[in-house]
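Participant: My questions all concern the structure below.
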Amino acid sequence: MTCSHQTLLERIKSVYLGVPGLPPERIAPTVGLNIGKVDVKSTRINFWDLGGQKDLQTLWEKYYSECHGIVFVVDSTDSERLEECKNTFETMITSDLVEGIPVLMLANKQDVPDALRVEEIKEVFNKIAVKLGARDSRVLPVSALEG
């Protein structure tokens with residue numbers, strides 16, 4: 001089983017840098033921080049892939065002040081951790097440090113037949129989505145493996 005967010009970062013680097021990313025079987029969980037840099041036209045995008053383990057989440061706030069957008073990756077095949085994921089998301093978006101920052105939630109692993117659909121994931125997160133206020137936010141289906 002690969003790590004959703006790291007597989008996605010490898011796919012992004014592969015597409016925009018024109019080099020093959022790590023094969024999924026070589027991708028390990030992020031411990032601490034993994035940085036990806038991608039240039040798109042005249043803009044450099046820095047990705048800070050922060051480990052999602054509970055004990056690593058305390059590090060997240062250290063990066064909020066320099067953040068211009070948040071991409072929150074949900075593993076659509078792991079329904080057992082969805083409640084934990086929702087609680088983590090709520091803690092993050094209610095921090096004063098991320099107020100006004102746009103949020104993109106990606107429902108990853110949509111290529112897997114039994115994956116939760118975007119509508120099902122939205123249903124779980126809808127009650128806390130109101131805390132996003134007027135800032136830009138979206139939930140999109142993706143497959144980091146298939147593009």
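Every residue gets a Cβ built from N, Cα and C, even glycine.
Note: TrEMBL annotation is automatic and uncurated.
Summarising the annotation, TrEMBL assigns Mg(2+) binding site to T30. The GTP binding site annotation in TrEMBL covers G52, N108, K109, Q110, D111.
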Participant: CB neighbours of Q110 (GTP binding site) within 10 A?
Facilitator: 19
Participant: With every protein chain in view, how many other Cβ atoms are within 10 Å of the Cβ of K109 (GTP binding site)?
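Facilitator: Other Cβ atoms found within 10 Å: 26.
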